[in-house]
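Trainee: Annotations for this protein, taken from TrEMBL, read as follows:
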ACT_SITE  Lys112  active site, charge relay system
ACT_SITE  Ser187  active site, charge relay system
ACT_SITE  Ser211  active site, acyl-ester intermediate
DOMAIN    47-493  domain 'Amidase'
Amino acid sequence: MSINFIFKLFNYFINFDYVSLPNDQLLLISATQAAELIRNKEITSTELLNAYLDRIEIVDSVIKAVVVKHFEAAKETANQVDKYLANIDTNSDEYKNLKYTKPLLGVPFTLKDSISLKGSVLSCGMVCRKNSVAEEDAIAVKRMKNAGAIAICITNVPEVCMWWESVNKVYGRSSNPYDNRRITGGSSGGEAALIASAGSIIGLGSDIGGSIRMPSFFNGVFGLKPTPGVIPIDGHYPMPVGYRNDMLTIGPICRYAKDLSLMLTVLAGDLAESQLELNRPINIRKTKVYYMEGVNHPLIETISSDMKETLRKAVKYFEKKYDIHTYKVDFNLARNAIEYFFASMDVEGSDKFGKIMLDGKGEIDVKMELLNGLIGQSDHTLPAVITAALDKVGLFPETKKKHLFAKRDKLKREIINLLKDDGILLFPSFPTTAPYHNQPMFTPFNFSYTALWNVLGLPVVQCPMGLTRSINNPGGVPLGVQVIGSPNSDALLIAIAKDLEDGFGGWVLPH
């Protein structure tokens, strides 16, 4: 009897809720369309902002995703945008170039509680940081603001962003908008849940082991882990060192695939063209399509029939639409995904996780925190304490780590040599659909389906593929697929995401 079956059976007897349908059509347009309507003065920034602020108040009672609100400051900024557009000469070069100089003018956005927003609390789900205020914007936030976007709120994360359920002792637990018995994922869980609820139009997440893609999958939206290095990670908390720098990326989360292009263009700056060539034409008919059915490891759940069928549908879609052959692959070295991740995270010179949990001011006493947790007196979550314990003892000796690194790097070469510049790899988003609350504690290594691509440093886009329905939830919960490419193939991945959106409908409203 599987863990998944046990949790399904238990939760069958629990009532659940989901977010209501939006009643304002402004909530159902893309950021790309919204920016165009604002520039053309067909709607105002204030109108769009107010629609989202009203929506947040409705949906957050179900999903509990918002942790810090900046509504008043956002209203003032939107008002300034409206005044600016009301007074600008529409015949001027300044106005005609707004599409390029301010591509997100007047469009609201949200961000997770690990990315610095000047003047806002940056807790990262840590009790010891609940009053810590960011002194500067992260570079990614600066670029969003310079493009005209307006930050409206901060969203929930797990403690220190190192777990795949968004729960902490500062703000509590976030829930899935399709079924609030289920998790939002982590660590960008609040962000993806709010966007899926039509409570935000676009958002910023970060990803070191799947923290953009898992939540995007569980909540049925698009999430891009871009090529490492193209979006600066300055202003992220905690800041990585060593090989973790290659694993951590900041990236976009959105409901519509076209907004991936818009956001990446803004966030990557000059590298959007010089390195990624985002505007180059893509011919999907000439793309080589490979697929892999998951990771075979005794500590990882077997892929469910729903997820295997979703992958098969994506493969068949490309075969039929473009009359091409697809190729099944199975990289034996991928079976060590869990080991690669923990070995790669064990960076010499980095602070121990238990020290980071106290913001560098000492180190937690693992035994004491476990005891405190039993009586409900700990400031830390159980996953964080266990992570600190494992980090303290170290999982691998140096000789074993070197062996794993050699295998990891060989696997990366094999995949890049296969995909080259014109190939993609379709891969399941996760072994199962969104788990129920607390279920990850019993299947902790399922995140390997996403973490594998962090340790390999490859760009990945998570694409929604409709909903699966069951006796537990007749309305359905999201399905999805990951699409992996070689470094700098982000333009190809976004083109594939747009194609899958056309074929399978993309984001679907919870109902």
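Quick reminder: no glycine exception, Cβ is built from N, Cα and C everywhere.
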Trainee: Enter the number of other CB atoms within 10 angstroms of the CB of Lys112 (active site, charge relay system).
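Mentor: For Lys112 (active site, charge relay system), the 10 Å Cβ neighbour count is 33.
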Trainee: Rounded to a whole angstrom, what is the C-alpha distance between the residue listed as 'active site, acyl-ester intermediate' and Lys112 (active site, charge relay system)?
Mentor: 11
Trainee: According to DSSP, does Ser211 (active site, acyl-ester intermediate) sit in a helix, a strand, or coil?
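Mentor: In the DSSP reduction, Ser211 (active site, acyl-ester intermediate) maps to coil.
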Trainee: Could you state the whole-number distance in Å separating the C-alpha atoms of Ser187 (active site, charge relay system) and Lys112 (active site, charge relay system)?
Mentor: 8
Trainee: In this predicted model, what is the average pLDDT of the domain 'Amidase' (47-493)?
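Mentor: The answer is 98, the mean pLDDT of the model over that range.
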Trainee: Taking 10 A as the limit, how many CB atoms besides its own sit near the CB of Ser187 (active site, charge relay system)?
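Mentor: So the number of other Cβ atoms within 10 Å of Ser187 (active site, charge relay system) is 33.
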Trainee: Run through the Cβ atoms and count how many others sit within 10 Å of the one on Ser211 (active site, acyl-ester intermediate).
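Mentor: Around the Cβ of Ser211 (active site, acyl-ester intermediate), 36 other Cβ atoms lie within 10 Å.
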